[in-house]
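Colleague: Take a look at what TrEMBL says about it:
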- 12-39: transmembrane segment (TRANSMEM)
- 59-76: transmembrane segment (TRANSMEM)
- 88-110: transmembrane segment (TRANSMEM)
- 122-142: transmembrane segment (TRANSMEM)
Amino acid sequence: MTFKQICSGIIIGLASGTLLGLFLKWMQILTGIKVYVLLLNVDFIPVVGETNFPEWIEFLFHLVISCVIGVLFVYLMERLNVSGKGSWVLSLVLTIPTVFLYFPLSHLAIKDVPGLLYGEAIILWTAGHLLYALSLPPLYILSSVRG
């Protein structure tokens, strides 16, 4: 993995993670369904969950995970020589598992978050993560053009 791949992946992760966070925050404001709280929630993690972090710190935790996905996306794009439609498939392969994180995150949370089978929350969570997946290929192209 090259330094350029890491930098591109971090930039892509920051942009796509911010997009996801803003989307879920906006949906939470519009609907009252606490999908943004669920995205940022770390209260169930031993030691970390014992601290009441401000929102911006919790958002940074989210962005770290997003950057890992961004770096992995860039690395796999270049390692596997993926182009065109393959970039969309790769972005979905990397992102679909995050959709299913809704269930353990909802179950383990101590904070007030949407329930395990709250259909509207699952739809919003899935839509946000689909938006995330759909942002990866264009952000990769943009970073390739600039880099």
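Every residue gets a Cβ built from N, Cα and C, even glycine.
Describe the structural context of these features.
Modeller: Within the chain, the transmembrane segment (12-39) has long-range Cβ neighbours (under 8 A, six or more residues past its boundaries) at 59, 62-63, 65-71, 73-74, 102, 105-106, 109, 111-114, 118, 120-121, 124-125, 127-129, 131-132, 135-136, 139-140, 143.
Only residues 6 or more beyond the boundaries of the transmembrane segment (88-110), in the same chain, are considered here, and those with a CB under 8 A from a CB of the stretch are 38, 41, 43-44, 49, 69, 72-73, 76-77, 80, 82, 116, 118, 121-122, 125-126, 129-130, 132-134, 136-137.
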Colleague: The transmembrane segment (122-142): which same-chain residues, six or more beyond its ends, come within Cβ distance under 8 Å?
Modeller: 8, 11-12, 15-17, 19-20, 23-24, 27, 31, 33, 35, 38-39, 66, 70, 73-74, 77, 87-88, 90-92, 94-96, 98-99, 102, 114
